[in-house]
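Engineer: I am attaching a structure below and will ask some questions about it afterwards.
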Amino acid sequence: MEFKTDVLLHGGDYNPDQWLDRPDILERDAEMLAESGCNVVSLGIFAWSTLEPEEGVFRLDWMEQVIDRLYAKGIRVILATPSGARPKWLADKYPEVLRVDKARRRQLFGVRHNHCYTSPVYREKVRIINQKLAERFGNHPAVIMWHISNEYGGECHCPLCQAAFRDWLKEKYQTIGNLNSRWCTTFWSHTYQSFDDIESPSEIGETQLHALNLDWKRFVTHQTRDFMRWEIKAVRDAGSSLPVTANLMYYFDGLDYFKMAKDIDVVSWDTYPTWGKKEDIAIARDNAMCHDLMRSLKKKPFFQMESCPSSTNWQGISKLKKPGILFAQSMQPIAHGGEGALYFQIRQSRGASEKFHGAVIDHYGGSDTRVFREVTEVGDTLKAISEVAGSRVESPVALLYDWSSNWAMEDSQGPRNKGLHHHEALLKMYGGFRKLGLNVDLVDEDCSLENYKVLAITMGYIFKEGFAEKVKTFVENGGTLITTYWSGIADDTDRCYLDGVPYGLMDVLGLRSEEIDGLYDWEENHLIPVGGNELGLTKTYSCRYLCDLVRVNGAEPLMVYGDDFYAGHAALTKNTYGKGTACYVAADAEEAFYDDFIAALMKEKGIKAPVTGAIPVGLEVTTRETDTLRYYFYQNFSAHPVKLPLPEGAFETVYGDAEAELKPLGMVVLKAEKEISFV
Amino acid sequence: MEFKTDVLLHGGDYNPDQWLDRPDILERDAEMLAESGCNVVSLGIFAWSTLEPEEGVFRLDWMEQVIDRLYAKGIRVILATPSGARPKWLADKYPEVLRVDKARRRQLFGVRHNHCYTSPVYREKVRIINQKLAERFGNHPAVIMWHISNEYGGECHCPLCQAAFRDWLKEKYQTIGNLNSRWCTTFWSHTYQSFDDIESPSEIGETQLHALNLDWKRFVTHQTRDFMRWEIKAVRDAGSSLPVTANLMYYFDGLDYFKMAKDIDVVSWDTYPTWGKKEDIAIARDNAMCHDLMRSLKKKPFFQMESCPSSTNWQGISKLKKPGILFAQSMQPIAHGGEGALYFQIRQSRGASEKFHGAVIDHYGGSDTRVFREVTEVGDTLKAISEVAGSRVESPVALLYDWSSNWAMEDSQGPRNKGLHHHEALLKMYGGFRKLGLNVDLVDEDCSLENYKVLAITMGYIFKEGFAEKVKTFVENGGTLITTYWSGIADDTDRCYLDGVPYGLMDVLGLRSEEIDGLYDWEENHLIPVGGNELGLTKTYSCRYLCDLVRVNGAEPLMVYGDDFYAGHAALTKNTYGKGTACYVAADAEEAFYDDFIAALMKEKGIKAPVTGAIPVGLEVTTRETDTLRYYFYQNFSAHPVKLPLPEGAFETVYGDAEAELKPLGMVVLKAEKEISFV
Amino acid sequence: MEFKTDVLLHGGDYNPDQWLDRPDILERDAEMLAESGCNVVSLGIFAWSTLEPEEGVFRLDWMEQVIDRLYAKGIRVILATPSGARPKWLADKYPEVLRVDKARRRQLFGVRHNHCYTSPVYREKVRIINQKLAERFGNHPAVIMWHISNEYGGECHCPLCQAAFRDWLKEKYQTIGNLNSRWCTTFWSHTYQSFDDIESPSEIGETQLHALNLDWKRFVTHQTRDFMRWEIKAVRDAGSSLPVTANLMYYFDGLDYFKMAKDIDVVSWDTYPTWGKKEDIAIARDNAMCHDLMRSLKKKPFFQMESCPSSTNWQGISKLKKPGILFAQSMQPIAHGGEGALYFQIRQSRGASEKFHGAVIDHYGGSDTRVFREVTEVGDTLKAISEVAGSRVESPVALLYDWSSNWAMEDSQGPRNKGLHHHEALLKMYGGFRKLGLNVDLVDEDCSLENYKVLAITMGYIFKEGFAEKVKTFVENGGTLITTYWSGIADDTDRCYLDGVPYGLMDVLGLRSEEIDGLYDWEENHLIPVGGNELGLTKTYSCRYLCDLVRVNGAEPLMVYGDDFYAGHAALTKNTYGKGTACYVAADAEEAFYDDFIAALMKEKGIKAPVTGAIPVGLEVTTRETDTLRYYFYQNFSAHPVKLPLPEGAFETVYGDAEAELKPLGMVVLKAEKEISFV
């Protein structure tokens, strides 16, 4: 189902089931929601034990009253299936629903996210409650979407899951000989005689067969998707045709979201940036890249399902948001192509583990609080810029983000078990483009590369079958490729490529990677410019952690190492291949390197954002498009007021003042008719 | 039974059961004990397997010989019940006595403190051995007291304990609905259908239902008390009417000692300060506050049951005590109202885990050692000041120390999971009074506030039912209240108060706490004095970790924040309520702040110690009272000789030289007839 | 069987079983091995599942083809028994072969080294495969040695092992009363009634009965030896009389190698120095001491079985070896009396946990790599100096290295649980001799002290029965003894000595140790020379961690403490006893102290290496002997070229240039006829 909205969503998780004995509070909630400019809530996420207090006994009236009350105030509902936390009676009566951990211990009832996704009993109980909800509320005019379960995650090692894993492997590999060969099981004499022999990874068993670990992670995604589809089918079978979402999490390592996203209609995600831990722009950029990842999963609008309006109690330090942070954080998803900003949570719970998690309405309960005022300001602003709803993001740059490759790389033992620093390197690459105002999509190895001008691969450890060929074609046809060290090392069962790496791209790049050096934390090397290099690079940069030693075979060295026994060896190269260009970054260089190198390369290629003048440090410039219009978002994450680089040509102001200096944490939104397309 | 002594106790744990094959050594022990001025030993603490080598076979003659031999030298005995370490035959024959840990693993035999307090078999076996000992030695003239078990602690999660926990909950809450409501179980859908559903906290089950965690800790105290009462009943049933003690531990987190103390006649405790880790006065003050806590448990004399005469082998660094430290440490309990200083241990064991723990007699075995000489000096001094035995301590100040509140606060998740720094804050508050020579009692929320002039609440997170009212009455009637940030947040099932906090005291304090900011470890803020403030504070102080933002409603701001977005907001306030005064400390301020603020406030209130002149830094001044006399203790924990601030009026010297400068680690004891009462 | 070789071994682990589907690669391997100067491979280490893919089905033909192919190129084979990693079918059919961990959890199949050494089934299956291999290849002319299993290690706590442990204890102690007495079980009431009561240490049971822990470790060595003998017997029973080795590991804590070495014919070991983590000489010295330890195990030639030709993937940082490091590392075993330098591994595996471990032939597969060139250089050099094969090492110095004592000391709780720094102290003592060019043997308390001039005891915590007497005789007869703090504390069941320590040596040393102080990490003290002391020491040195306070009784203090309450107390003493000299180092002094003190003492005693002139910092000088010749090895581990201190008298050059400055990481080998014996 298509998700369409003509307002930007504003609201959050709402748990009236905690307050059924306080009708006065429920009444007040609705009033305060309206007062704060909220137009939607997520409802019923942990309500199963209230909805079905005993097996087969359903109590849905209270929910209807809540929905009606909200609807009367103009507030819509994203209705949750309650599978994120099961009732205790279900665990007590059917222990098979309880997860078994890696050490093969059946868990007791407790916390949440602890049910077996394979269990037929659990699936049946979920089907029933989902259908009950869908039958009752699937056509209520207030309800606009399904919130399927909550933050899917975790894994189960019970016998049911072991059997499902074996079936999945059998389907994938067909013969055990094929599996043995792909998994390299002769190492340490681990050859399997049959699929029935295989057990999931365990700290009391196998931990170091990397292909097993990798396939297990893939299976966990597969099985979670299968469960999610089962949940969706239940609401569909009950006649609901509303769009469905699942709330995803910040760079979540446990599931391949590119795969999960295939089964949902709209992506939403939960963001809890640790503002204050680093300077604002660093936090903002990391959050921005995750917004871009979420948008890229379906290349469609997404929204922010959760974020904290105040301090986040489960973080090490529950830091208050200084004035303006909530505003800036809430505008970020919109600036990156999202359709709304929601919070966890509307009303703070009185007890248990999240009782000190920030909320729109806190324990005090009044609207005369700083947080409530700031939430209201967000609501007013979202209303003021609601015309951007439905516009899309176009990106000239694709940045590789492949779950399988990341999983395998972190597990592969070497070349730096004390930290590969992949995420930091990724952010440096991303920042090089973002500082130029260029939109970036994140892609995995299955994504199409068509319509991109630039492909950036940061530690693309695994090249799955066909990927190198796709990249080669991309360059051949005129694309610009940037690849770093530690790319194209292994195939998609983490089996190393023979005969030279980066696999399949040695001719494209004009070099071969020979050795890679791991540096101790206290060591660094340098990148020194080659005199008169094509990109005009003149500065020296430090690099750390990993230094790749390449044998150049056709590529032009632009920079060389400055130290150690490989001083003078190529550290940055550029090669022409077909109509395109392929650069190789050999070491984990500092941020300034990426900024200067990417700026020089983009200038050479004539790729730029549609604004005039340089973009000040800390100012984020993003764009959204309709068929005829382009929206310009400016957010100032620096500590100083900055002057805006305005659109090329005539523009109108949607929000803020385009001519004045933009104060820290402030936003300006402009729009212009599209005269030139930059993609 | 009342515990009375006319000598100050000196001695320690004695384990002759380790040396029964060496009668020469046992003989030598008695001689050396007498030589060192010891007058008491704790006997039989780990002797069960020697007393009852096989089930039902008792061997008590050796103990009688030991007691007789000691008695002949004038040495008394505190006789232990041996339940602190059970024999292996008991564990082998009755596995139910072995504890089950949180992860539900039945433990094997090993170490100590690992028996189930609920097990009927264990209780029966303990009853039998306790009665045998009481029948045989309960009336021996050498025996003066029972040492019930040893350092009670730990918990068991076996089925017997689960059942007892459920019964305890049923008794407390009556209906499961009431429990669900108080525990806020709707959060994450954890509603219980019956008491039979409930399981104790477990890392493989429930960890985050805070009220469950809190009630479980209370149950552990309840069940341990129940077991302790069972032990005491056994000796009483066998006809012994001697007083009983249990040796408690340094700020022990595992048991609520205010409750434990109700069942024993006299409190004793085991202290192992880490001298050398910080400057002497810092270590001494922390130890002093624990002495005061132990005295306050029953508001009666206590004594030091264990301490190390030399280095403590189970600490990270087994540091020798520099000359004089043992003396100073041993006088501290007396200065704080105690009746004796005992050691662990008299003779060092040859093997197993504490073989390198310091002792009066070490492996070498001679009396020509530094440690033995210092022990003897302690013995001589205790004899010299024995007239103070039986005198009591009167304190104008009550400082809140509530186990339930501390437990709940540490478990509550937020506002600073990486360290609330409660203990440090408590010590800063305590030090503010102690540096003025004011005695301090520690009280929990059940204690009477009558007879105190000042009540200090440092992070009083939980306000149990009735506590706020009691505090309000205290202030109304003229008391001085100091409260800090993070007080009055939750009720006694850790359910947050609605409608504003500090609960019940907003009018008393003239303010409401709105938000609380957690600071990163590297951050700080400042407290800046308001010009012309009532207390005449003029300095600026740093604060860290937690900053409370209050909305003032009647209170007078004395200091304000210096930095961040809340610069200028009130950080220290003062309010008049009824005949009393209530101050609010909003942030975790540095030690100097507490010193200056408390000194100024006590001066305004006219509360001072009965000495003339200022108290030098590092000099501890404490007092003990009889009906007609006051004893003055001076201990110098600074690195320099200091001049003493003498009593107001005439005095006599009990120990040391009142006029000379007191050298580091030295002590002076004076006495004066009481002319004025300062309480 | 005697191991004799007239070439120096060069080669490494070779796993053709991973490449049976690639005959082209197997062919290329043989060619490249020959090209690189390799003359031997270790074969079949993890090949069990290829050799016996199903129970009782044997496939040995491929191995014969591999051996024949290698033999045709002149490459010999060290043939492994494959017990280091068992096939999955064996674990699936006979679960008893799976280990049980300390927490009593039966492990699942996985990783390696995880089989029960006691299991009759496992032993039987190992016997069969070993015999099959021995029958087929035991007389193949290419095969020169057996590589028994791989890196023996680990322990099992299954019921079979518990029973074997009890039998071992019964054999050792005869009566349970004797065990109780030696283990000091009365402490904490742990008296055993019978051997059947005893269970191995467990974190869910007993952890703190030190004698149990110590005997358990000894039992693990016993049982592993028993298993190893079983393996050897199998190949012997099948008619093979080739020498056997087992590859040992770097200062491996898990097994007493002095005992293991008794059952094998030649010692080999696996070394993975972390070059780059510290300066080269520090890494080299630590590695050198381990070479010396391995040589000392049998006082016979040994060799290096494994080392990494490039970066080691399982270390925290996979650092490349800078040019020359591989050469220097590979020459070190030869310089210290070894007969060869082998690598793990010949060809890099494609998958699983060691796929990024360095190899002679990497994934790329060509010989045009830096690593392959450096390996070839090693091969050429080993050939050039092959005449040294068969020569032996003579050492004037014995340095105590006793597994039982080390185990007990680390487990003993006190005097410094946060780090005794034993290994560092040992290296400082070792370095003092090595910097003088003196060869050092490492000995345990069972070794003969005859033929040594110096005995150095660094923290000889346990003195087993008879050891003190042996040392006393050594000194009486003219030997020079150096003993440090924390020596002679406990007997060999970790039961403390009474009546003064160092046990049995108080008269030899002329002092008694009274107390030992543990220093915090940030503390230090100093050693200050006594004016006009016999050794002419004049400098002040720092000391840390542990300071022993001795009562001198005849010894001459050479240095005293500079700080703390024991300033002025003796810190270094010298005593004459019989015809010998005994020195006591009371504190953990800095490296420079050991250098100066040992140099002065050796000068006084006239003990020196047979070279003229001082040895430059960072130059390692070692010697090997035949009956008539002495070989001089010089390796430069400093960062600068150095001039060599040449032999006394005429010499010939075997390798390198004796007169030129020796460049960093370079080697020179000289030889001279023996005119004087320095031992």
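Including glycine, each Cβ sits where the backbone N, Cα and C put it.
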Engineer: In TrEMBL, the residues C:CYS156, C:CYS158, C:CYS161 are said to bind Zn(2+). Which of C:CYS116, C:CYS184 is said to bind at that same site?
Structural biologist: C:CYS116
Engineer: Within its own chain, what residues at least 6 apart in sequence put their Cβ under 8 Å from the Cβ of C:CYS161 (Zn(2+) binding site), listed in sequence order?
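Structural biologist: Set apart from C:CYS161 (Zn(2+) binding site) by at least 6 residues yet with Cβ under 8 Å, we have C:VAL100, C:CYS116, C:TYR117, C:THR118, C:GLU155, C:SER200, C:GLN223.
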Engineer: Could you check which of the recorded positions (C:ARG112, C:ASN150, C:GLU306, C:TRP314) sits closest to C:CYS156 (Zn(2+) binding site), going Cα to Cα?
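Structural biologist: Result for C:CYS156 (Zn(2+) binding site): the nearest of the recorded positions is C:ARG112.
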Engineer: Which ones, out of the recorded positions C:CYS116, C:GLU151, C:CYS156, C:CYS158, C:CYS161, C:GLU306, lie near enough to chain A that their C-beta is under 8 angstroms from one of its C-beta atoms?
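Structural biologist: Contact set vs A: none.
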Engineer: Look up C:CYS161 (Zn(2+) binding site) in the DSSP assignment and reduce it to helix, strand or coil.
Structural biologist: helix
Engineer: Where DSSP helix means H, G or I and strand means E or B, what are the helix, strand and coil counts for the domain 'Beta-galactosidase C-terminal' (C:618-671)?
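Structural biologist: Tallying H, G and I as helix, E and B as strand, the rest coil: 0 helix, 27 strand, 27 coil.
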Engineer: Other than C:CYS116, C:CYS156, C:CYS158, C:CYS161 themselves, what residues in this chain have Cβ atoms within 8 Å of the centroid of the Zn(2+) site's Cβ atoms?
Structural biologist: C:ARG99, C:VAL100, C:TYR117, C:THR118, C:SER119, C:GLU155, C:HIS157, C:PRO159, C:LEU160, C:GLN162
Engineer: Note down the number of other Cβ atoms within 10 Å of the Cβ of C:TRP314 (substrate binding site), including every protein chain shown.
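Structural biologist: Within a 10 Å radius of the Cβ of C:TRP314 (substrate binding site) lie 15 other Cβ atoms.
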Engineer: Please classify the secondary structure at C:ARG112 (substrate binding site) using three-state DSSP.
Structural biologist: coil
Engineer: Take the domain 'Beta-galactosidase trimerisation' (C:397-607) and average the pLDDT across it for me.
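Structural biologist: Over the domain 'Beta-galactosidase trimerisation' (C:397-607), the predicted model scores a mean pLDDT of 98.
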Engineer: With every protein chain in view, how many other Cβ atoms are within 10 Å of the Cβ of C:CYS116 (Zn(2+) binding site)?
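Structural biologist: Cβ-Cβ neighbours of C:CYS116 (Zn(2+) binding site) within 10 Å number 27.
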Engineer: Tell me, by DSSP, whether C:GLU306 (active site, nucleophile) is helix, strand or coil?
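Structural biologist: Going by the DSSP assignment, C:GLU306 (active site, nucleophile) falls within a strand, counted as strand.
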Engineer: Within 10 Å of the Cβ of C:GLU306 (active site, nucleophile), how many other Cβ atoms can you find? Include all protein chains, please.
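Structural biologist: There are 21 of them.
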Engineer: Of the recorded positions listed here (C:ARG112, C:GLU151, C:CYS158, C:TRP314), which is spatially closest to C:GLU306 (active site, nucleophile) when Cα positions are compared?
Structural biologist: C:GLU151
Engineer: Among the binding-site residues C:CYS156, C:CYS158, whose Cβ has the fewest other Cβ atoms within 10 Å?
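Structural biologist: Ranked by other Cβ atoms within 10 Å, the binding-site residues C:CYS156, C:CYS158 bottom out at C:CYS158.
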Engineer: Look at the recorded positions C:ARG112, C:ASN150, C:GLU151 and tell me which residue has the greatest number of other C-beta atoms within 10 angstroms of its C-beta.
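Structural biologist: Buried the deepest by this measure is C:ASN150.
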Engineer: How big is the Cα-to-Cα gap, in Å, between C:ASN150 (substrate binding site) and C:CYS158 (Zn(2+) binding site)?
Structural biologist: 22
Engineer: CA-CA, which of the binding-site residues C:ARG112, C:CYS158, C:TRP314 lies nearest C:GLU151 (active site, proton donor)?
Structural biologist: C:ARG112
Engineer: Reported as an integer number of Å, what is the Cα distance between C:CYS158 (Zn(2+) binding site) and C:ARG112 (substrate binding site)?
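Structural biologist: Cα-Cα, rounded: 17 Å.
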